[in-house]
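Heads up, the thing below is written out as structure tokens.
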Amino acid sequence: MRILSWNINGVRTLPQYHPWNTFKTFREILTHLQADIVCFQEMKTARNGLDRNIAVPDPFDGYFSFPVNKGGYSGVAIYTDSRTVAPLKAEEGLSGTVQPKPPLSEDERISRHYPCANEMNLIPDEHGNKPSELTSLDTEGRALVLDLGLFVLINVYCPNETSDSRLPFKMNYHLMLQERVGKLINEGRDVIVVGDINICATPLDHCDGHLASNAATFYDHPARAWFRNWLSPNGCMTDAVRTFWPCRKGMYTCWNTKICARETNYGTRVDYILVTRGILPWIKHGDIQPSFKGSDHCPIYIDLHDEITTDDGRKLCLGEVMSRPAEGKTAAVPRLAARCWDEFSGKQTLLSAFFSKGARVSTAASASDSSSSPSGSPSASQASVISSSTASNAPDAVLPDRTESLDLANPLLIHESRSPTGESSSAGPTGAIKTGVGEQERIPSKPPTGPPKRKLTDVPAARTKPNKKLRPAGGSSAAGKGTLDAFFATPQPSRPSQSQSRPSPPQSQSQANGDPLASDCDPHSPNSDYQLALHLSLCLDEDVLCAPGPSQTVDSQTPSTLSKSAIEPSQCRSSGSKAAWSKLMAPIEPPKCNVHGEPAKLYTVNKPGPNKGKTFYICSRPVGPGYDKGRGERPRDEVDHRYRCNFFKWASEVRRESASSSSSSLPSASSSQK
């Protein structure tokens with residue numbers, strides 16, 4: 001048997017990554033994990049947003065805990081394979097105060113004793129107030145508890161220390177977890193705690209733990225000190241995965257994806273499987289699975305023996321000491337399972353069922369009427385045809401979904417292909433109705449008694465608005481939407497009336513005649529600005545060829561002197577203008593970092609604040625152990641220059657420097673043209 005734990009960072013985010021995007025159902029994802037018990041953290045969903053595919057992926061039974069106030073936040077889930085695992089009891093939360101409706105009875109509860117705030121040494125908040133009850137700690141959907149006979153399984157997602165004010169909440173939640181496990185041990189139960197604890201147990205579990213500045217003060221953090229005292233040999237819990245890899249380095253389960261830390265395995269180990277001493281003989285193996293992508297965490301697992309031999313020589317089978325369903329039978333599940341919810345057990349109709357594709361009018365009423373009708377009345381099958389043919393005249397009838405291709409640009413075609421009721425049909429002389437599916441003879445319905453509905457063609461012409469997209473490009477409406485070349489266009493002189501009455505050739509004909517301006521200066525062309533730049537550069541060269549020398553006139557120049565005095569300056573002007581235009585249109589080159597001399601990488605600020613949306617450049621090298629965080633963050637003797645340096649520059653500064661350099665080069669180009 002395999003028990004797997006994974007912080008998936010959103011149940012709807014996981015199917016967007018390979019190989020999970022190749023599976024059609026959530027059941028295939030669970031099957032691919034090859035585990036009998038799958039524990040997820042950070043589901044980030046709510047009960048009303050959970051569909052059947054995720055809630056009841058047969059043959060798995062799902063158990064869920066959602067936050068009370070925050071939607072799409074936190075949340076944990078446990079999936080058990082009903083073919084191999086049969087949970088006896090299930091609870092939500094650690095304090096015993098989170099109850100379903102109706103509340104759990106004494107027989108449905110896992111424990112007889114639960115944590116109490118008065119018996120715990122809780123930490124006060126920033127205002128000096130200690131929690132008087134534990135309900136506030138247990139309303140964020142962070143824990144699920146299952147009784148599996150041999151042991152009690154706790155899937156937990158402990159809070160993260162996002163700020164200093166959050167530290168008391170985090171510590172009090174850890175203390176509540178420790179108290180719940182301690183009470184279960186006092187009742188004689190073995191416990192397995194899986195999930196995201198959000199604490200590094202030892203310096204070996206941190207990417208910078210080997211540095212001298214961190215190793216000396218590693219256990220000064222109160223959460224790390226508490227975790228150290230809870231684990232063996234000081235405490236009652238054992239890190240099951242670390243027992244198989246006591247000296248393994250780089251065994252991390254979480255990485256910061258914002259800085260691409262997974263590429264260099266610059267992460268931390270915050271996901272654990274903790275067991276009591278009575279479970280240690282059953283554990284066969286344990287490891288992490290860093291090759292599984294789709295989240296900023298990776299899965300961890302342990303395998304249990306099918307059979308063990310005790311110290312007194314007795315053989316114990318896992319199937320005998322653990323609750324397992326009988327072969328070929330499905331065991332009853334606790335009431336907390338999603339299979340027992342009203343929306344998934346058939347007791348409550350989902351709202352989405354009314355909007356499902358292909359919903360048809362129910363014919364049960366017509367069938368019952370036909371059974372009580374006289375012999376001359378039509379049969380039940382004929383009544384269904386009648387009800388379907390008359391459903392179009394009923395204002396409240398629910399018609400089946402149809403997908404028809406119509407020419408929306410021609411309203412006459414729509415009117416001819418649709419009847420006044422909206423169905424695509426046309427009646428022939430014999431009363432047959434032709435539909436998009438086929439032809440079928442139906443009993444003609446009675447003519448409507450009310451006033452006839454106005455057809456689409458009866459709409460007055462004044463109310464019919466022309467399509468704006470079909471207006472010609474040269475119309476008055478397009479005058480205010482011209483491109484950059486409209487400001488540089490030469491006004492055309494007025495033509496005589498005879499030429500005005502002559503029709504202008506189409507655009508395709510002007511392009512066929514070889515007119516370069518017909519395609520290059522088209523205002524509706526996507527590259528019109530680029531073509532305009534080339535056109536201005538050519539016009540500048542032509543002006544140079546036609547211009548006389550400084551001390552000559554056009555009449556006094558001979559062809560030889562004209563070519564000598566005009567062509568040579570035109571070559572200089574042409575090269576200068578092309579260089580200026582190419583420099584103006586070229587993309588901005590990224591700056592180079594100071595340490596490595598490599599092009600920096602562009603990033604965008606996503607954190608809320610005054611700088612949100614701004615772009616900046618930092619060193620393009622990946623992060624790693626000892627990368628330069630800055631002089632205030634890391635001592636200089638611990639910096640490893642193989643990784644990212646502390647180069648930083650706003651993109652606006654880079655653009656200003658690029659603009660100033662391009663403007664300083666323009667006078668030199670103009671001086672070369674003179």
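Cβ coordinates come from backbone N, Cα and C, glycine included.
No curator has checked TrEMBL annotations; they are predicted automatically.
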**Request:** Kindly point out the range from 93-126, 365-398 that TrEMBL annotates with region 'Disordered'.
**Result:** 365-398
**Request:** Compute the mean position of the Cβ atoms of Asn7, Glu42, Asp196, Asn198, Asp296, His297, which form the recorded Mg(2+) site, and then list in sequence order the other residues of that chain whose Cβ is within 8 Å of it.
**Result:** Asn9, Gln41, Tyr157, Cys254, Val270, Asp271, Ser295
**Prompt:** Do any residues at least six apart in sequence from Glu42 (Mg(2+) binding site), in the same chain, have a Cβ closer than 8 Å to its Cβ, and if so which, in order?
**Reply:** Asn7, Ile8, Asn9, Gly10, Ser74, Gly75, Val76, Tyr157, Asp196
**Request:** Mind checking which of Asn7, Asn198 has the fewest other CB atoms within 10 A of its CB? They're the binding-site residues.
**Result:** Asn198
**Prompt:** Fewest neighbouring Cβ atoms within 10 Å: which of the binding-site residues Asp196, Asp296?
**Reply:** Asp296
**Prompt:** So how many other Cβ atoms are close to His297 (Mg(2+) binding site), meaning within 10 Å of its Cβ?
**Reply:** 24
**Complete:** Here the 10 Å Cβ neighbour count for Tyr157 (active site) comes out at 25
**Item:** Overall pLDDT for the domain 'GRF-type' (593-654), taken as the rounded mean
**Value:** 91
